[in-house]
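What Swiss-Prot says about this protein:
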- 1-20: signal peptide (SIGNAL)
- 21-473: topological domain 'Extracellular' (TOPO_DOM)
- 25-201: disulfide bond (DISULFID)
- 47-174: disulfide bond (DISULFID)
- 55: N-linked glycosylation site (CARBOHYD)
- 79: N-linked glycosylation site (CARBOHYD)
- 109: N-linked glycosylation site (CARBOHYD)
- 133: N-linked glycosylation site (CARBOHYD)
- 170: N-linked glycosylation site (CARBOHYD)
- 302: N-linked glycosylation site (CARBOHYD)
- 352: N-linked glycosylation site (CARBOHYD)
- 381-427: disulfide bond (DISULFID)
- 495-559: topological domain 'Cytoplasmic' (TOPO_DOM)
- 536-546: compositional bias 'Low complexity' (COMPBIAS)
């Protein structure tokens, strides 16, 4: 029973180890440190100048690392020169030498190097003082010969050949800097490629690319120059003290546990990441909210400086030679983007085909996925449409979220007098951050960020009310007067024809007209009084007589 349990535990441990190493994908050795999606190059310390002594002698220093047992040195085409061999390795090496009488050979003390001379001619090997490193040899050579033409690092060489081509460098002082030895025209190096220096795997998928570079703990790499040849997200993980430098300026997202410089702008480590692939995978997918990883690579090259190129995998375009990549003149020095919104809560984005009315306020969000912790400063904005350019006033909008982008708002009222068209909204921005060493603020140079927007002038709606001019007012007044005269005449005529007495007079007519003018109706708002009837004078006398007789009768009867 115990044996069965032990076997099960052992199987579980093996499965767990296998799962941890292949949790992302199955790693494979990259032959020559180059394939379709990743290229790795060593960047050893070296230098190259145009120095020559007074008699035209060049001075070259060859630093041997990981000495092979046998290699070849070809000096047949070399110019008149001094060649100094040095190595910090205790391993013995033998060099097959094709010498040149115009070349003097020096070997530093404690460098175990033996030359094999095919012609068996006497060979004079001069001894240089012992040196602990290349810098010390460089100082000794500069003091002895007055200067140094070149310092070249040769790691595990097969052949070292001097071509005799003259260099064309302007500098006369040799200062050690990371370099690519193959760029020197006067020397050709053929090196033995290190074994298992680079392992990588690639997984094709649609959507945004995510690349992971892992330098396991214990590897001595400390400086990595990275070239990203397309927009992507990248995880850069290395031992403590590793420094990453990103050379280009694409729209990229970065996650790292080390210090990063992007276009000379420092980025602080985001989070602690172990060299375990499972931990890296989990944190990468969570940080970028992604479901896929495009490539995973492990670098185990024990050198100080390396250079790395990463691109999208394409069967039709496999990079066999690495070309120098220089930013295009139109590309910004750092990746920033601008998004436009139609609402002050920045939740309704404006697409490129939408038209914005000039009387509406537009809200802009300027952000950098790469520099999330950096503050963005906007100095000025303008709109441009050939050949018109106008300054664009803006207002900063508040933001209360973590790592908030820069928020602004604009009004296109300044374009109200221009026809509808396409405009480039452009702002000059710079990124600012605090240096980790001295806590001083550091800002990038200003760079433009722009977004195209379709602007349509605002057209107010037409008023449906009538507008009267002076002539219309005078015409209405005269018409009202004429209607009043006609109505007055008509009323007067009606009164005469119906037998109304003159006693009605003008007062009654005036009263009716006043009611008419006030109420707008002949009936008026007041109750009309009954019209008394007045008899003619003849009738009036007889009436008086009858009244008088009538009044006397009751008197007599009562009497």
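Each residue, glycine too, has its Cβ placed from N, Cα and C.
From a predicted model like this one, the values you see are computed outputs, not experimental measurements.
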Of the recorded positions listed as 25, 55, 201, 352, 427, the one whose CA lies nearest the CA of residue 174 (disulfide bond):
55
Rounded to a whole number, how many Å is the Cα of residue 381 (disulfide bond) away from the Cα of residue 352 (N-linked glycosylation site)?
19
Taking the Cβ of residue 174 (disulfide bond) as the centre, how many other Cβ atoms fall within a 10 Å radius?
22
Between the Cα atoms of residue 133 (N-linked glycosylation site) and residue 109 (N-linked glycosylation site), what distance do you get, rounded to the nearest Å?
12
What is the Cβ neighbour count of residue 55 (N-linked glycosylation site) at a 10 Å cut-off, with all protein chains included?
6
Would you say which of the glycosylation sites 79, 109, 133, 302, 352 has the most Cβ atoms within 10 Å of its own Cβ?
79
Quick one: of 25, 47, 381, 427, which of the disulfide-bonded residues has the smallest count of other CB atoms within 10 A?
25
Just give me the nearest neighbour of residue 109 (N-linked glycosylation site) among the recorded positions 47, 79, 427, Cα to Cα.
47
Relative to the Cβ position of residue 201 (disulfide bond), how many further Cβ atoms are located within 10 Å?
18
Please report how many Å separate the Cα atom of residue 352 (N-linked glycosylation site) from that of residue 55 (N-linked glycosylation site), as a whole number.
68
By Cα-Cα distance, the member of recorded positions 25, 55, 79 nearest residue 47 (disulfide bond):
79
Measuring CA to CA, name the entry from the recorded positions 25, 79, 201 that ends up nearest residue 302 (N-linked glycosylation site).
201
Mean pLDDT for the topological domain 'Extracellular' (21-473), rounded to an integer?
84
Please report how many Å separate the Cα atom of residue 55 (N-linked glycosylation site) from that of residue 25 (disulfide bond), as a whole number.
60
